[in-house]
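Novice: Below is one structure. I have some questions about it.
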Amino acid sequence: NGAICIQPCSPSFHGETSFVCEERKWQMFADACASLDIQSLFQPVHGKPGHGAKYFGADDHGNSNCQADFSCIIPEILSSPAIPGNIADIVELLKKISLLLSEDVNRGKMQSYIRIANHILNSSVISNWAFVRDRNAGSILLDSVNLFAGKLLLRNGSESIQEPFISTKGYSIHKNTSGKRFDFSMEFNNTGNITGHVVIPEEELLKLPKTSKAVSIAFPTLGAIIETSRLDPGFVNGMVLSVSLPEELRHILLTFEKVNKLENVKAQCVGWHSTERRWDSRACAMKSDNISSVVCNCKHHHRTFKSFSILMSPTMLRNAALDYITRVGLGLSIFSLVLCLIIEAVVWHHVTKTEITYMRHFCLVNIAMSLLIADVLFILAAIVHHTALNYQLCVAATFFLHFFYLALFFWMFTLGLLILYGLLFVFFKITRSVFIATAFSIGYGCPLVISILTVAITEPKNGYLRSGACWLNWYETKALLAFVVLALSIIVVNVVVVVVVVVKTGRSAVGEGCKSQDLRNMMRISKNVALLTPLLGLTWGFGLATIVESRSLAFHITFALLNAFQGFFILLFGTLLDRKTREALRMNCLSSKRKCSLAKVNIF
């Protein structure tokens, strides 16, 4: 009947051996693994007797330990990449194990269980959780682990099982026990460990009528995982500590080390409401708070509040003002860039009569086009992230966002090279076709190569995307450096170019070698570069500052303002303040008025 019988179950009441007692449980166990390429482990095994036993991890005598601690599935799970689809399947698998196979949870079972959980709790895969279709996956995992760990059997009155990103400890307790303490020190990311402590006060232990057990579980990364999966993240600032206690015990003391130890960051003690699936401040009261740690007095309830942590006090980073600045600024930027391109189309024939002016306006159009597409992609990337449409879609949005932001800077670099060409290579003229080919190779070719290399190197390690956003990763793989370093390097080069222009134009020798008209054109281009380069440099300088000081509201608002109004700056300094462009617009308007006047005369 397709039953998966690894070893005989206990004899039935009639003295016969039952092979079907675990059939349904193992079948549900198997169903959860459909997308992990480990389904074959749970299929009926055909072939010679004994082959199936070996496949399930049996020894040479045919004795399998898979049913005892399901260790046979661990190699396949740990070798599978922790991508969003696999994360969802593993969460479902752990949920079904907790519901169906949580009888007699010994050390072996618990070790296997937390090894599986540890695979998807790794700090390197936190960003992948943002793209798991079920936004409650983190909460489901938390409830499943709490349920399974609560059934842990204690050897000699205590048990301790630890993996890098999940740890379980259990102790026997009774009313004569002095205050019981659970201490955890665990890895949070590559930068170091964080600690947490659970204390059951002595006055609470006096309520126990008999010897009982207390189990505590520590999750250093689960808070960040829940944060990435929710539309209203709470900025968890410590590990998540869960406790499983007898119903008589209601109050516990928890000490959390802060992840971000900033003087102006205050903490808020919270409990995870397992029914409403949200952080609830009513579960805890603050006992003490200093720059490095927080002590919380929390009330434990076996159905609602079993997990606790600390949030950063509601900061202004996600306040309405910042969102308003970003939306209005992006709207103005897109409008400005569209207007810039329309003006360039209207005056193109008037302002591109010489080779130098043609090249200058050609670069300006591509700068405006690159930023316009990047701004539109920025909006689409935000929509993709908040709706959790698709992980691959977010990777694609990030790739093109990276590409077009890089293109913006490489076209600025091309503009800088154009200035050097006009000043230093006076007697060497290039044709428009050669210039266009060279400009496209620099402006779009270089960004394309860099973008492809970045995604090819970091995506296989699940380190391409930043946690909680469709943008380049910083904390794990530093993929963002593939943008920041290049952008800031181009800004430095363009500043040097402007200095060269100032030095060269101050010498009389330049005037002897250049036509006065070409010199004036070079000066106009230099003014554009001199104005736009510091603005772009300042913008992305503050962008880097928001990463280093991620909780600084001033940096975030300044970056949002400068980033959102880049399009307006290009319209203003690249188009509207250019004398030749204004004259061409005026001539075009006068020509249009004459045509209208002649049309009216002809009508009458």
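The backbone N, Cα and C atoms fix where each Cβ goes, glycine too.
Bear in mind that TrEMBL entries carry predicted annotations, made automatically and left uncurated.
Dumping what TrEMBL says about this protein:
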DOMAIN    174-318  domain 'GAIN-B'
DOMAIN    322-578  domain 'G-protein coupled receptors family 2 profile 2'
TRANSMEM  328-351  transmembrane segment
TRANSMEM  363-383  transmembrane segment
TRANSMEM  403-427  transmembrane segment
TRANSMEM  434-457  transmembrane segment
TRANSMEM  480-503  transmembrane segment
TRANSMEM  529-548  transmembrane segment
TRANSMEM  554-577  transmembrane segment
Novice: DSSP-wise, what's the residue breakdown of the domain 'GAIN-B' (174-318) into helix, strand and coil?
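Specialist: Output for the domain 'GAIN-B' (174-318) reads 15 helix, 71 strand, 59 coil.
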Novice: Mind pulling out the one from 363-383, 403-427, 434-457, 480-503, 554-577 with the most Cβ pairs under 8 angstroms to the transmembrane segment (328-351)?
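Specialist: Maximum Cβ contact count belongs to 554-577.
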Novice: Can you work out which residues elsewhere in the same chain, 6+ from the ends of the transmembrane segment (363-383), have a Cβ less than 8 Å from its Cβ atoms?
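Specialist: Cβ under 8 Å, 6 or more out: 330, 333-334, 337-338, 340-341, 344, 394, 397-398, 400-401, 404-405, 407-408, 411-412, 414-415, 418, 439, 443, 469-471, 528, 566-567, 570-571, 574-575.
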